[in-house]
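Engineer: Taken from TrEMBL, the feature transmembrane segment applies to A:6-27, A:34-51, A:63-86, A:145-162, A:190-212, A:224-249, A:256-279, A:312-333, A:413-438, A:505-527, A:547-569, A:581-600 (among others).
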Amino acid sequence: MAFYFVQFLTGLASAASLFLVASGLSIIFGVTRIVNFAHGAFYMLGAYIAFSLTERLSGALGFWGGIVVAALAVAVIGVIVEIVLLRRIYHAPELFQLLATFGLTLMVEDLVVLIWGPDDLVGRRAPGFKGAVDFFGQNIPSYDLFLIVLGPVVLGALWLLFQRTRWGILVRAATQDRDMVAALGVNQKWLFTSVFAVGVFLAALGGALQIPRDAVHHAMDLRIIVEVFVVVVIGGLGSILGAFVAAVLVSELNAFGILIFPTISLILVFLVMAVVLVIRPWGLFGKKEAPARRTPGLTVIPWRPLTSVERLASVVALALVAMLPFIAGNYALTVGAEIAIFVIFAASLHFLMAVGGLASFGHAAYFGLGAYGVAFLAKMAGLPMIVCILLGPLLGALGAAVFGAFAVQLSGVYFAMLTLAFAQIVWSIAFQWVAVTGGDNGILGLWPEKWAASPSHFYWLALGVSAFVVSVLRLITFSPFGYALRGMRDSPLRSESIGINGKRIQWTAFIIAGTTAGIGGALFAYLKGSVFPDNMGISLSVDALVMVLLGGVETVPGAIFGAIVYKALNIWLVSQTDWSKLVLGIFIVLIVVVFPKGIVGVVESVMQRRRAAAPKAAALSAKMEGAQ
Amino acid sequence: MKLSVSNLNSHYGPAHILFDIGLEVGEGEVVALLGRNGAGKSTTFRSIVGLVALREGQILFEGKDISTAPTHEIVRAGLGYVPEERRIFTDLTVEENLEVGRQKPRPGSPQWTREKLYKLFPNLGEMKNRPGGRMSGGEQQMLTIARTLMGNPSLVLLDEPSEGLSPKIVEQMVDAILTMKKEGVSLVVSEQNLHFARLISDRAYIIERGRICFAGTMAELDARPDIRDAHLSI
């Protein structure tokens with residue numbers, strides 16, 4: 001009994017940091033409507049800076065002062081980030097904001113390694129809380145007791161801040177209606193900046209307070225951000241009390257989950273999250289929000305199927321690309337096959353995002369499931385390659401069917417966070433369930449059969465499948481199903497009022513996207529000859545997002561060009577520098593800020609302008625205006 | 001001149017909404033902006049306070065050009081705005097709503113305090129701690145006006161104050177507007193209800209499809225039943 005009680009207390013102590021970080025995220029989201037992916041990076045920076053300060057400053061004052069100064073220093077960094085970057089993208093679509101802050105995370109990850117090195121750092125114990133308290137023969141670290149008290153104290157302080165100060169009242173007012181607050185003479189810019197500073201301070205404090213408990217390392221940002229997303233989805237984004245309750249819930253589930261399912265403890269958290277979402281999609285303490293605003297299109301160029309000339313041009317282009325084996329060597333062909341596979345992956349995400357309006361942040365899960373599907377079939381069942389490639393993606397389809405059923409209940413940032421959390425769960429199953437998946441060692445020795453073994457044959461296979469998948473997705477886009485899906489994207493209420501079963505349509509789209517991603521994963525497994533948990537990792541999901549964004553979200557063929565350019569660039573970059581995350585992060589931020597329409601978007605608007613300049617088009621548009 | 005707008009053009013994305021709007025408000029004057037639904041009344045107000053991003057033209061407030069200033073600076077200069085949809089903060093109490101509107105006293109502008117406003121709108125004084133979301137439409141309308149007055153404005157743009165209110169509340173609203181005028185606040189009141197406008201205003205503009213098509217005193221408007229019928233009657 002005493003053991004379980006101590007386990008319970010450990011859970012409560014873990015909840016403190018989680019609550020600090022989650023409440024910071026919630027406060028920032030409430031006012032700025034930005035889901036700050038970089039929140040985990042600020043948490044990590046808080047820990048690193050606190051580590052350095054507490055190493056140098058001695059005594060109790062040095063320790064506690066170091067913790068507070070570290071959090072303040074990171075808050076200042078947050079203010080700079082807000083002023084330089086976020087102010088430019090407050091009116092951008094949610095996806096762009098998430099991506100920009102993700103780019104920031106990548107940069108911080110490499111910078112942290114540059115400054116502090118790649119090794120884990122073990123910090124000082126907290127003065128005054130070095131010992132343990134004996135509880136019926138079980139030891140409880142006294143620092144844990146301190147954290148257990150700290151959580152509710154911070155909750156109370158935040159409550160006072162938001163209820164009793166003018167600043168708090170302004171923040172609550174802005175959470176509801178930003179423009180109205182400006183129309184009453186409040187300078188929104190500085191309100192946003194101060195809110196961001198407070199949120200980042202909380203995250204950094206959460207990180208700094210971890211150093212007596214845990215080693216500081218350069219991957220702690222992603223671990224916490226996934227947990228924080230789960231916490232705010234359960235508690236309700238924007239609710240501080242919700243963040244507290246959900247942080248306790250998630251921490252306790254983790255503490256006891258380890259006892260019940262030692263290898264797949266995250267399953268328990270996932271199940272609770274699923275139940276909460278089914279009953280209250282907006283979280284335990286969140287408020288039901290009106291359907292997410294759709295930012296008016298960045299482009300106003302309407303989509304249309306290819307004309308016969310364009311169709312001919314595409315076939316010619318494909319034929320030319322198919323000539324590659326006659327001029328290029330084996331390495332180029334392998335790169336070519338990889339690019340063709342990523343065209344499939346990017347096209348499947350583009351279908352979900354651009355056609356369906358559902359920006360998934362965990363699309364790699366279905367890519368990876370397809371790859372593992374192939375690996376299971378080939379290694380365990382020993383089926384022939386062609387059967388594996390046909391059936392393997394069904395694992396992706398199955399995953400998409402299960403997760404998609406929950407995910408489409410939400411939209412906007414909630415959807416993005418939930419898909420990310422799902423992907424992380426799939427990843428951790430692949431990582432933890434060593435008996436079946438091989439864990440970190442993956443499943444090896446997965447080579448194509450003779451007919452597809454040579455680089456040129458495999459290249460043709462990948463290219464053929466890629467062309468087929470892209471064509472099918474295009475056909476679906478311009479089919480009645482595609483129209484219904486776009487209707488749901490543009491106006492859920494209007495679509496449902498003309499009899500479209502919106503959730504079902506979106507769910508179907510999710511499964512289509514998951515299956516096609518799985519096809520890409522299946523080919524990828526044979527290309528690499530192995531599968532690893534990283535085939536479903538966050539960074540792969542973000543790669544896909546960047547490909548779609550680089551090509552142009554609001555265009556139909558954008559994903560294809562985005563995948564080709566990005567993948568080629570990426571392969572080249574990794575061969576050139578050790579700091580590829582840093583470069584990639586800068587690249588992502590630049591795309592979002594400078595180049596939000598993507599390659600194809602820019603080309604299209606240039607062509608559109610030219611066409612509008614032509615006299616015939618001018619006459620036509622004049623006629624249309626007259627008719628209106 | 002308190003406020004002088006000339007050649008104001010506004011756009012929502014590609015749609016051109018306002019065409020060469022011109023209007024003037026004298027010191028201490030109450031001016032009505034009349035027009036049907038969708039004529040451009042609210043867009044005119046939103047353009048003046050800088051809530052419409054795409055606007056061009058000249059807007060002078062107390063002789064200062066505010067046509068490119070950000071919203072909060074315009075409001076802090078003493079130009080108050082009461083939006084049409086009320087837009088009170090439903091999670092905040094009456095007191096807190098007023099607090100959001102509070103600005104420092106401004107020399108030359110009438111000063112308002114909570115106590116003074118509770119006298120002007122006695123209903124509000126009785127529900128200081130009630131959340132805005134649990135108030136009736138009329139009470140919410142009073143709260144939006146009181147909230148804007150907390151900024152001590154010298155001119156208020158009041159968007160359709162009588163919309164959807166019961167006759168009894170409309171009467172209170174007329175009294176409140178006349179009190180504001182007596183205190184020295186200049187007002188532009190947008191209205192569809194000519195009867196209401198006649199009770200409060202000195203002069204009127206009529207707006208139709210984004211253009212001003214009549215400007216004159218209330219007496220001049222009454223002398224032109226053709227204009228009234230063409231642009232206002234239902």
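Just so you know, glycine gets a Cβ as well, placed from its N, Cα and C.
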Engineer: For the transmembrane segment (A:63-86), what are the same-chain contacts with Cβ under 8 Å, counting residues 6+ beyond its ends?
Structural biologist: 32, 34, 38, 42, 45-46, 49-50, 53-54, 56-57, 97, 100, 104, 124, 126-127, 192-193, 196-201, 203-205, 207-209, 211, 589, 593
Engineer: By Cβ distance under 8 Å, which residues at least 6 away from the ends of the transmembrane segment (A:256-279) in the same chain are close to it?
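Structural biologist: Same-chain contacts beyond the flanks: 7, 11, 230, 233-234, 249-250, 406, 409-410, 418, 421-422, 424-425, 428-429, 432-434.
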Engineer: Out of A:6-27, A:190-212, A:224-249, which stretch touches the transmembrane segment (A:145-162) the most, going by CB pairs under 8 Å?
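Structural biologist: Checked against A:6-27, A:190-212, A:224-249; highest Cβ contact count belongs to A:6-27.
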Engineer: In the same chain, who gets a Cβ under 8 Å from the transmembrane segment (A:224-249) while lying at least 6 residues past its ends?
Structural biologist: 11-12, 15-19, 21-23, 25-27, 29-30, 35, 37, 39-40, 43-44, 105, 151-152, 155, 158-159, 162, 175, 206-207, 269, 272-273, 276-277, 280, 282-287, 413-414, 417-418, 420-421, 424
Engineer: Near the transmembrane segment (A:190-212), which residues from the same chain, at least 6 beyond its ends, have a CB less than 8 A from one of its CBs?
Structural biologist: 16-21, 23-25, 27-28, 30-32, 36, 39-40, 42-51, 54, 66-68, 70-79, 81-83, 86-87, 90, 123-126, 129, 143, 147, 150, 154, 167, 170-171, 174, 181, 220, 224
